[in-house]
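Swiss-Prot has this to say about the protein:
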type     : residues      : note
SIGNAL   : 1-25          : signal peptide
DOMAIN   : 52-372        : domain 'Peptidase M14'
BINDING  : 114, 117, 248 : Zn(2+) binding site
CARBOHYD : 139           : N-linked glycosylation site
ACT_SITE : 342           : active site, proton donor/acceptor
CARBOHYD : 390           : N-linked glycosylation site
């Protein structure tokens, strides 16, 4: 027993050392209180979930606490730093954290893009705590999700803005203070405007996806992009995300692409090629939120125009046009489908309401996460079984393609129906397959592509066989 206990202690010490930069964060935090001081915890934890606002040091503490209690299925990493130097922290939950497992889809939640929209930040901390708790209890739904999905949770994309907003006196925070990053940049207007490119391509012909392919260097050199924006762009391009949601505040609705209107008007329904699945994804969130899906809910503010809202969902352009948003950037630069969820009429509501927001959104957060296992999935390989990366998977009738990841794995979100899928890659013969797609789970469809060189060799052998047969027949 002593030996086993010693090994456990060594493991714990190693874990603590590995995250020392996290545990010692408060001393490094700009404007942090003196070492050893902690803000008074006003609310009690319930089942391991702390229903309170977490300042930057406390956010770190909360994530580290989750990790230390389930190191086998989690890790903490950072995608970069904010303008003021705070780390953009992510907690990952997976049965093999830190590794992309071939065939396993990647999911992300992002909160607090606008620093004064605080509910999403807290809900994502609560979600990480909830997933840990339920996994340890053996909750079958949660265990299956963590074993079949690589889940990335970023509670705050704008920690500088949150600290500014949280420092405002009183319970009611200003509607705008802390919205932007420390440079005064609205992060949800700061992404490359790929909508304008795809709208031109729709008319003149051109690619309908991966519009920033091989352009990381250009992104890094763009002085108009905030450091937070650049960090997320790299994140999106480095990991083969399939599904994502961006959590905001100020209304109650699940918003789907396109966010920017085609004509440039302020309000115009702007459908993407995947309008049907995006509507379904948005409803998968809103339908489990009683306040969001209530058709008789009055507008958040007296003069708000909610006429575009249907069952707690809206097309982005129909609500109001947003150029340079992160939602459309995901869809047009990568394989990732993202919606934007507005969680609360108040942007920074009183702390004692956080538990109610969690109860209203818990099932929605899980339901939306489960949507990643819809549609079609599989591998693209050559005839020798080698993976083909960056193969194109197109769906007849939907003018938006996805591509395979480095292991040849791909995922294509679709609503139920009958489809024709075509896999193609440079130097290979394309293959088309018919597939019937249920609501869930995703149907497995693999493709084996024959290279042109293999086909030429095969045709050469067939010609030689034909010549041999003709020679024998005619006694040449």
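Cβ coordinates are placed from backbone N, Cα and C, and glycine is handled just like the others.
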**Report entry** Other CB atoms, at most 10 A from the CB of residue 139 (N-linked glycosylation site)
**Finding:** 15
Requested in this report: Measuring CA to CA, name the entry from the recorded positions 139, 342, 390 that ends up nearest residue 114 (Zn(2+) binding site).
Outcome: 342
Query raised in the report: Where among the recorded positions 117, 342 do you find the Cβ with the fewest other Cβ atoms within 10 Å?
Result: 342
Report task. Would you list, in sequence order, the residues of this chain other than 114, 117, 248 that have their CB within 8 A of the centroid of the site's CB atoms, where the site is the one recorded for Zn(2+)? Result -> 112, 113, 115, 116, 120, 179, 188, 247, 249, 250, 342, 347
Report summary line: CA pair residue 248 (Zn(2+) binding site) / residue 139 (N-linked glycosylation site), Å rounded to integer, equals 28
**Report entry** Cα proximity to residue 139 (N-linked glycosylation site), best match among recorded positions 117, 342, 390
**Finding:** 342
Query raised in the report: Just how many other Cβ atoms lie inside 10 Å of the Cβ on residue 248 (Zn(2+) binding site)?
Result: 23
Query raised in the report: Reported as an integer number of Å, what is the Cα distance between residue 390 (N-linked glycosylation site) and residue 342 (active site, proton donor/acceptor)?
Result: 34
Report summary line: residue 117 (Zn(2+) binding site) and residue 342 (active site, proton donor/acceptor), compared by Cα position, are separated in whole Å by 9
Query raised in the report: Which three-state DSSP class does residue 390 (N-linked glycosylation site) fall into?
Result: coil
**Report entry** Neighbour count (Cβ, 10 Å) for residue 390 (N-linked glycosylation site)
**Finding:** 14
Requested in this report: Average the per-residue pLDDT over the domain 'Peptidase M14' (52-372) and send me the rounded value.
Outcome: 95
Report task. Mind giving me a neighbour count for residue 114 (Zn(2+) binding site)? Other Cβ atoms within 10 Å of its Cβ, every protein chain shown. Result -> 25
